[in-house]
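K.L.:
Once you've had a glance at the structure underneath, I'll fire off some questions.
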Amino acid sequence: MSFPWANEYKPANGLTQWLDEKLPLPRFVYNAVGAGYPVPRNLNYMWNFGVLAGFCLVLQIVTGVILAMHYAANAGVAFDSVEHIMRDVNWGWMLRYAHANGASAFFVVVYLHIFRGFFYSSYKAPREMIWLLGVVIFLLMMATAFMGYVLPWGQMSFWGAKVITGLFGAIPVVGEPLQVWLLGGYAPDNAALNRFFSLHFLLPFVIAGVIILHIWALHIPGSSNPTGVEVKTESDTVPFHPYYTAKDGFGLGIFLLIYCAVLFFAPNMLGHPDNYIPANPLSTPAHIVPEWYFWPFYAILRAFTSDFFFIPAKLMGVLAMFSAILVWFFLPWLDTSPVRSGHYRPLFRKFFWLLLIDVAVLGYCGGAPAAEPFVMISQIASMYYFLHFLVILPLVSSIEKPEPLPFSITEAVLGKDESAVLNANPAAA
Amino acid sequence: MVRLFGPLVGLFFAVALLWSFGNGAYTAIKEPAAATAEHEFHLHPKEVKFASDGAFGKFDKQQLQRGFQVYKEVCSTCHSLKHVAFRDLAALGYSEAEVKAIAKEWGAKQPTFDPKSGERGERDNIPSDYFPVVYYAGQGVPPDLSLITKARHDGGAYVHSLLTGYQEQPAELLKKFPDAKTPDGLYYNPYFANLNLAMPAPLSGDGQVTYADGTKATVDQMATDVSAFLIWTAEPKMDKRKQTGWAVLGFLLFATVLAYLAKKNVWADKH
């Protein structure tokens, strides 16, 4: 679907006309991310992160495919082959740092994209499907990133793999056979490394597929916007190209400046020094920590320190960690307020910022050693995390009195909306 | 359904967390975690400045050569450097002939294996060889040093601190933790994670090596030089990386300014 005033694709010459008749790919692109896609005119810079996430995926695939040409997925030589890339492959050091920091950059922009969704309630009808697919993409990203971190076969690779696959062991009855089956052995070794490499290569293309569905689902209702008021007339929208291509171009420039500053001047800032020590199954690192983007969930996992009735603490932790993400699937039905944007929801807004702080605290505790006071802090923070989504959000939706919304997007931008007033339907207003 | 079960699930996790919190708090009050010698006496690395520090820092080749000399004459008895090849030493300012000579005269030889006769032997190193692995039969496991400065927090300063940090075990420590006495055959060093390591102080006194460039070989100087050398072995492409970085940032800054102006231009009539 598109708005009736969307620009129509017109083939410019004989070749494109011929192509349009046989395979209308240019028309498809024109309607998807070209002048044929009308977008609300009031999007702020928080709407840049979808395009940036797509850019990060392409960056990871391009650098990853080249790295795979030089990497050897064998537990005996994997670590050395990474050092070979760093020292002897032309520009190998740049590719590897671009890929390792690219994963972090991908998570930074995706977290901003998700929190944009939280604040502006982008998950609400009619955009539930976009949100659900987005959560699927995030889960796939986590799996991909985890398996990618195992590939250099350093100490954190090995012990991280051991801890995370060990989580499956917490499942009653089938847990341990399942863990052995997943790893192809009793501990991470060559079999595990090989299948992780295979899946690490496969999953990004699965992500690309789900992204296509994500964007397809987006084009049915069209993009949301900071007011949360739906598009009413043509003056509420601008064509994606050139307006948002220009804006995304500037956003991409800022993103690349920050990303390259880290890549070239502090490439190991976000990594753990222990991963420059070759994997050693006989020597456990003092603190096993995953990459920073898993820290909030890792804190939730470790917050469950006591058995709860007949449920072992470890199983509770695993359930909670997965639930912490699965709960996002239910957001469209937990938040029932008819108003979307946090700008017009005074009470919701306060809890949103509290959630942001809460996740930051969880992140800090997840990266810290599993000792007091971090365990207690993460217990309180995890409690708030679950209560926020499952109790506070439904409650706020029902008791909150939202502030008045602007009449239209155009009015929100210009202070007046003549075209809308002319065609105004008093009932709809 | 979601609105019925959602809050119940939320409360379930919250109560389970409260239970864990309560148990944890009870334990923390009843039996507070005992202090350990590692926790109280371990020191973070000292502040040490290296020529390669910072976004504009560059390796000091003269210093790297001195550091290599310390590695060669002191460290290489026990520690490998297996990710570095002799040819890489050209980056330290050695000529091709000098690199060839260093490889040829290197004490540990390259092992050889004749697949036809099954005979094992050894031969002199050549520039394309990696530094031969050092096998150490004594107490402890000397780690390979190629990546040591990247494998420790603040690696360069850590190596320097460790090399200069040997001391008598403080009386205060023994008073507080009588069980933490350094075992025989280990040496006390507050910069080492568990305070006691198998390596005796390798830099024992001034003048242990004689620098060709006339620099006075104090223990501190030797420690700094070898740390600088090990920063290089861990990241030989660092100079190239920073140099590339400045070019990339310069280009991106220019491109971003253009992108901003383009954006402003396109949006001029829509605000």
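The backbone N, Cα and C atoms fix where each Cβ goes, glycine too.
Bear in mind that TrEMBL entries carry predicted annotations, made automatically and left uncurated.
Below, the features straight out of TrEMBL:
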BINDING   A:His99, A:His200  heme b b562 binding site
BINDING   A:His113, A:His214  heme b b566 binding site
BINDING   A:His219  ubiquinone binding site
DOMAIN    A:15-227  domain 'Cytochrome b/b6 N-terminal region profile'
DOMAIN    A:230-407  domain 'Cytochrome b/b6 C-terminal region profile'
TRANSMEM  A:49-73  transmembrane segment
TRANSMEM  A:93-118  transmembrane segment
TRANSMEM  A:130-151  transmembrane segment
TRANSMEM  A:163-184  transmembrane segment
TRANSMEM  A:196-217  transmembrane segment
TRANSMEM  A:249-266  transmembrane segment
TRANSMEM  A:308-331  transmembrane segment
TRANSMEM  A:351-371  transmembrane segment
TRANSMEM  A:383-399  transmembrane segment
K.L.:
If you measure from the Cα of A:His113 (heme b b566 binding site), which of the binding-site residues A:His99, A:His200, A:His219 is the nearest?
P.N.:
A:His219
K.L.:
In the same chain, who gets a Cβ under 8 Å from the transmembrane segment (A:163-184) while lying at least 6 residues past its ends?
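P.N.:
Apart from its flanks, the transmembrane segment (A:163-184) reaches 146, 191-192, 195, 288, 290, 301, 312, 314-315, 317-318, 321.
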K.L.:
Do at least three CB pairs under 8 A connect the transmembrane segment (A:196-217) and the transmembrane segment (A:308-331), leaving out pairs fewer than 6 apart in sequence?
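P.N.:
Counting Cβ pairs under 8 Å (6 or more apart in sequence), the transmembrane segment (A:308-331) does not reach the transmembrane segment (A:196-217), since there are fewer than 3.
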K.L.:
Taking just the CA atoms, what is the gap between A:His200 (heme b b562 binding site) and A:His214 (heme b b566 binding site) in Å?
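P.N.:
For A:His200 (heme b b562 binding site) versus A:His214 (heme b b566 binding site), the Cα atoms are 21 Å apart.
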K.L.:
Run through the Cβ atoms and count how many others sit within 10 Å of the one on A:His200 (heme b b562 binding site).
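P.N.:
I count 21 other Cβ atoms within 10 Å of it.
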K.L.:
What does the structure give for the C-alpha distance between A:His214 (heme b b566 binding site) and A:His99 (heme b b562 binding site)? Integer Å is fine.
P.N.:
24
K.L.:
I'd like to know which of these binding-site residues, A:His99, A:His214, A:His219, is least surrounded, judged by other CB atoms within 10 A.
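P.N.:
Output over binding-site residues A:His99, A:His214, A:His219: least Cβ neighbours within 10 Å is A:His219.
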K.L.:
Summarise the model confidence on the domain 'Cytochrome b/b6 C-terminal region profile' (A:230-407) as a single mean pLDDT, whole number.
P.N.:
95
K.L.:
Across all chains shown, how many C-beta atoms besides its own are within 10 angstroms of the C-beta of A:His113 (heme b b566 binding site)?
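P.N.:
Counting Cβ neighbours of A:His113 (heme b b566 binding site) within 10 Å gives 21.
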K.L.:
Hey, how far is A:His99 (heme b b562 binding site) from A:His219 (ubiquinone binding site), Cα to Cα, in Å?
P.N.:
31
